[in-house]
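*Asks:* This is the structure, below, for whatever I ask next.
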Amino acid sequence: MSVVSSFHQSWKSLILASQRCNTVKQIKSTHSLFIIHGLHRNTYAISKLLTAFLHLPNLNKHFHYASSIFDSIEIPNSFVYDTMIRICSRSSQPHLGLRYFLLMVKEEEEDIAPSYLTFHFLIVACLKACFFSVGKQIHCWVVKNGVFLSDSHVQTGVLRIYVEDKLLLDARKVFDEIPQPDVVKWDVLMNGYVRCGLGSEGLEVFREMLVKGLEPDEFSVTTALTACAQVGALAQGKWIHEFVKKKSWIESDVFVGTALVDMYAKCGCIETAVEVFKKLTRRNVFSWAALIGGYAAYGYAKKAMTCLERLEREDGIKPDSVVLLGVLAACAHGGFLEEGRSMLENMEARYEITPKHEHYSCIVDLMCRAGRLDDALNLIEKMPMKPLASVWGALLNGCRTHKNVELGELAVKNLLDLEKGNVEEEEAALVQLSNIYFSVQRNPEASKVRGMIEQRGVRKTPGWSVLEVDGNVTKFVSGDVSHPNLLQIHTVIHLLSVDALQIL
């Protein structure tokens, strides 16, 4: 064997060894051999060594080492740049991916240019760093360079930029520019609507996807069920349930099963929610939280508290803050004052969970329901953190129920300080205070507060409700005149009113 052939064989073995590294110790050993054999100047070999960092479980700890290897390369190639941007996107410093991208585009070498992989990794880094404005600039870049229409991963990444920034109109425009979007892209768009509380729009996207002939995956189904839960679309939820049965996803996917439990519970079918829960072959803390939340909403406090014992006993699951919040809410609805107080006081000792504002809000609500407003105020004053609006809001609701003007004024004062600039929340607090004044016949003060509302330019948010008929969810808003079938609706209401008067 010639000397050259021997060198080539050694280099090949070292490069293969670098691809098998899964600990930093192995990477360092291989790097040392690279230096000994002169491979540390070979960009192909170094790119393979850098790729090994992606397999490390504690990448953040060794990010500086990866960066130093990159800095030792005299002229990195495109693959090395791509690898470093990818490492940044996986680390706790994703913003540095932009630095490597800028270094890359400054290179004067003709063969060093961003590819679709570069943009894909860069978009992932921007998403992790919440650099949405940069992501939009990348969108312009990929459109200008023709990458957007040619790569599916880049299309999905750009769509996610707008969805994560909650710019849903722009997200829809981007989506409509994608030729033949796959299920993943439909999922991203639908999830964007649902996360913003626009369940009806999310279901419309789901129906569009079905009309296009695409079959939903587990993620689509989970998101669609969440949308059904938001708007109370029980009929559509049942249809999805039948689809899930055919796919056997209740048994195989815990998130689909959990979404079904949550949907039935929020649509008023707690018994069906329990039946679905019993069929889950695997249950996690979210499954139990959905069931406990359902029990809490319908006042089944004892069943919710029993679930807290069962999840540890049956599944060996440690409750999280959401589960405990559900149990506290159940105690509030059921009037179990002592049990709720005991749980709050022992959360940290028993469950190693520090109570948050929402937990205190539940107990304040519970105390107010029991008429213990002074105790509720005492609890607020002893909180280890500054009370937020949710806590004072719970006290204000109790003051309205029990017509307590003094504490109501205190609660509103704190709410206005906390919600300064939030017009809707300011209006809600002032309306509550005026109602308290009216309830105790203090009409001058009530009128004064109403005047404050008008001076602030606060406009009351109209009430609304949704109704599902034949799978279509319609939103009815108080005072709305924009519905396309307004004339027919008013005609039917008039006829029903006439019939009702005749019956009376």
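Backbone N, Cα and C define each Cβ position, glycine as well.
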*Asks:* From the ranges 6-36, 37-67, 192-222, 471-501, pick the one that Swiss-Prot records as region 'Type E(+) motif'.
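*Replies:* That would be 471-501, per the region 'Type E(+) motif' entry in Swiss-Prot.
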*Asks:* Taking only the residues in the region 'Type E(+) motif' (471-501), give me the average pLDDT of this model.
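*Replies:* For the region 'Type E(+) motif' (471-501), the model's average pLDDT rounds to 63.
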*Asks:* Under 8 Å between C-beta atoms and at least six residues away from its ends: which parts of the chain pack against the repeat 'PPR 9' (356-390)?
*Replies:* 321, 324-325, 328-329, 331-332, 335-337, 340-341, 344, 347, 397-399, 401-402, 404, 407, 410, 414-415, 418-419, 425
*Asks:* Residue counts in helix (H, G, I), strand (E, B) and coil for the repeat 'PPR 2' (115-149), per DSSP?
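*Replies:* Breakdown, helix to coil: 27 helix, 0 strand, 8 coil.
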*Asks:* Take the repeat 'PPR 3' (151-181) and count its residues per DSSP category (helix H/G/I, strand E/B, coil), listing them in that order.
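*Replies:* Taking each residue of the repeat 'PPR 3' (151-181) in turn, the totals are 22 helix, 0 strand, 9 coil.
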*Asks:* If we skip the immediate neighbours and take only residues 6+ beyond the ends of the repeat 'PPR 8' (320-350), which ones have a Cβ under 8 Å from one of its Cβ atoms?
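*Replies:* Non-local partners: 285-286, 288-289, 292-293, 295-305, 307-308, 311, 356, 358-360, 362-363, 365-367, 369-370, 372.
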